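Working notes for the structure below.
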Amino acid sequence: EVYFKNLSKQKQKEVMEKNGNNHKLRVCVATCNRADYSKLAPIMFGIKAEPQFFELDVVVLGSHLIDDYGNTYRMIEQDDFDIHTRLHTIVRGEDEAAMVESVGLALVKLPDVLNRLKPDIMIVHGDRFDALALATSAALMNIRILHIEGGEVSGTIDDSIRHAITKLAHYHVCCTRSAEQHLIAMCEDHDRILLAGCPSYDKLLSAKNKDYMSIIRMWLGEDVKTRDYIVALQHPVTTDIKHSIKMFELTLDALISFNKRTLVLFPNVDAGDKEMVRVMRKKGIEHHPNFRAVKHVPFDQFIQLVAHAGCMIGNSSCGVREVGAFGTPVINLGTRQTGRETGENVLHVRDADTQDKILHALQLQFGKQYPCSKIYGDGNAVPRILKFLKSIDLKEPLQKKFCFPPVKDNISQDIDHILETQSALAVDLGGTNLRVAIVSMKGEIVKKYTQLNPKTYEDRLALILKMCVEAASEAVNVNCRILGVGISTGGRVNPREGIVLHSTKLIQEWSSVDLRTPISDALHLPVWVDNDGNCAALAERKFGHGKGIENFVTLITGTGIGGGIVHQHELIHGSSFCAAELGHIVVSLDGPECLCGSQGCIEAYASGIALQREAKKLHDDDLLLVEGMSMKEEEIVSAAHLIQAAKLGNTKAESVLRTAGTALGLGVVNILHTVNPSLVILSGVLANHYVNAVKDVVNRQALSSVKTVDVVVSNLADPALLGAASLVLDYTTRRIY
């Protein structure tokens, strides 16, 4: 951090010298509506707090100045910003022509304002038609443009407007890695793109613990409890107005039937908004005892309302972006947000064409609590944006440069912009050791910590938290941005709730343990938990032999025997989270006793514990040691001694390993006949000792149709940690609709 600060000061000094020592950057921020102000306000506060570097001019236009939409310019005044200019630019109307006329009116009025202000740079947000007028005016008047939230993908005309503004803008601040890659693919100059995160997250991530009950009561009534109300926010879809009005009617009907207290916000200024308001009044929403219909809620209060709601429903980008920070369930209706990256809290109802379909979605989502998602930001966007603004050299040519293909595949931004490598904290809970690692998006283990796994629940959880906090702090020093925590543990796990249901005898006091809540609360990061066998399969899917393979099985051969099944690119958990307990496939009715209480399981033959048991028997009968082997008196007999003896020609040891390999091979044959994968991957410390025996058994015992299935040894050095990281990097947090 000290290095970055010194580097930043040096860069700012150089820029100040280039721009003239006494020149402050004159920044014009133009805001059009309540939604874009929630993103721009944190930047405006940051600019205002550094008067030695910046001069701020605020221009207000659009729906801010319309009474029907709450006269939201007042909240800008309440935030103590001086509004330099108010421009009435909205032409009232009910169709697409009104939006076109509004853009034209703004284009007529803006040149005079910009001539008077003469800003060095204009900050424009998002994808609204008002923003297109702002960007067009500034570009034609040779004013530099900084565009916030470019590169994202969604439905309706907003997509086209957003990308049009991108082409006019000189600098870009984006929120996600995908958005950054989209901007690069659109031939924008990579040196002028900053991956900062969403500015509103700077406020969101510090807001949830504030007093909220008074806010909930003020907007929804004295008798409302947390998680027992709904927030509804739906806008017209300008490319299909008639269908979006019908969908809004169905939504209101479903909400009336669902019979929960609901806060309904009026829609944006768009073609079709008046018709939506008429639908509300026709159904008596403003006078219904279960509904509160409002034109506007201040952003600080809106945060608290959605953070503690039982559900949010509608088609607002707020639902798929900001609400994920709280894990509040969201029902996204229709196509307005098609293409947006979302967390697992969002349930999409693309064809919301019946009341029953929407009602069923409400029944599925209401009252749930999902992991908090930081897809769109980590709470540090504004410092990055201010640093980026200070680095702008006004003596550079104004003319934009386009970087046409081939596109350079940059993993991270220039170090001056402090763009960290996206990474995960991976935790591996083994029978002996507890390990925590920082793992990059490419599967590189940047830093690893190892401690002995404590015997008690309290000590174990305390150590996990301590190691995770240390690793998260170290991530800053190694330039890594932690997206979340993935935990790989033995036993049966409910990954939806992050709970270890019960564990093997190897890990004591580890049943009915909620891992997600305490770790997420301590680190303020989303947390995912899964069985170690499933994690190994995820590691293979993302980084190993399973990459691009639709159906494969992973078998772990270590202290125990475990595994994971990937079918049609998805991990199989089973109805009670017991799928892929491959170590407990029975291969003999009268075989040795297994730790699970059964007999003849693969694990009872081929696990490290089973081999150690057989090694001890041979040692007790003085049949283990052969020429070339020696053991100290206090040394514990292990599976490694058995393997060494077999290599040195001990026929008894060879027989034990052969039996173990045959048992494992029979288990693989059963798997091939049941699941029919196209690949079997053997993982773990014993994999190399078993692979040939397994292939032999498959060749002898399997049906001819599956004999050609490849059986390979994993090439991953640490599948447990890589699999835990995959939970964060790929399996859950980066779902795209």
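Cβ from N, Cα, C; glycine included.
Unlike curated records, TrEMBL annotations are generated automatically.
As written in TrEMBL, here are the features:
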type	residues	note
ACT_SITE	Asp532	active site
BINDING	Arg492, Thr504, Asp532, Glu581, His584, Glu603	N-acyl-D-mannosamine binding site
BINDING	His584, Cys594, Cys596, Cys601	Zn(2+) binding site
DOMAIN	53-390	domain 'UDP-N-acetylglucosamine 2-epimerase'
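Separation of the C-alpha atoms of Cys596 (Zn(2+) binding site) and His584 (N-acyl-D-mannosamine binding site): 8 Å, rounded to the nearest whole number. Cβ atoms within 8 Å of the centroid of the Cβ atoms of His584, Cys594, Cys596, Cys601 (the Zn(2+) site) belong to the same-chain residues Gly583, Val586, Leu595, Gly597, Ser598, Ile602, Glu603, Ala604, site residues excluded. Cβ neighbour density within 10 Å is lowest for Cys596 among the binding-site residues Cys594, Cys596. Looking only at the recorded positions Asp532, Cys594, Cys601, the one with its C-alpha closest to Arg492 (N-acyl-D-mannosamine binding site) is Asp532. The Cα of His584 (N-acyl-D-mannosamine binding site) lies closest to that of Cys601, out of the recorded positions Asp532, Cys594, Cys601.
For Glu603 (N-acyl-D-mannosamine binding site), the same-chain residues that are 6 or more apart in sequence and have a Cβ closer than 8 Å to its Cβ are Gly560, Ile561, Gly583, His584, Cys594, Leu595, Cys596, Ile609, Ala610. Remark: of the recorded positions Asp532, Glu581, the most isolated position is Glu581 (fewest other Cβ atoms within 10 Å of its Cβ).
In this structure the C-alpha atoms belonging to the residue listed as 'active site' and Glu581 (N-acyl-D-mannosamine binding site) are separated by 11 Å. Around Cys601 (Zn(2+) binding site), taking its Cβ as the centre, 28 other Cβ atoms fall within 10 Å, counting all chains.
A Cα-Cα distance of 11 Å separates Cys601 (Zn(2+) binding site) from Glu581 (N-acyl-D-mannosamine binding site). For the domain 'UDP-N-acetylglucosamine 2-epimerase' (53-390), the mean pLDDT of the prediction comes to 91.
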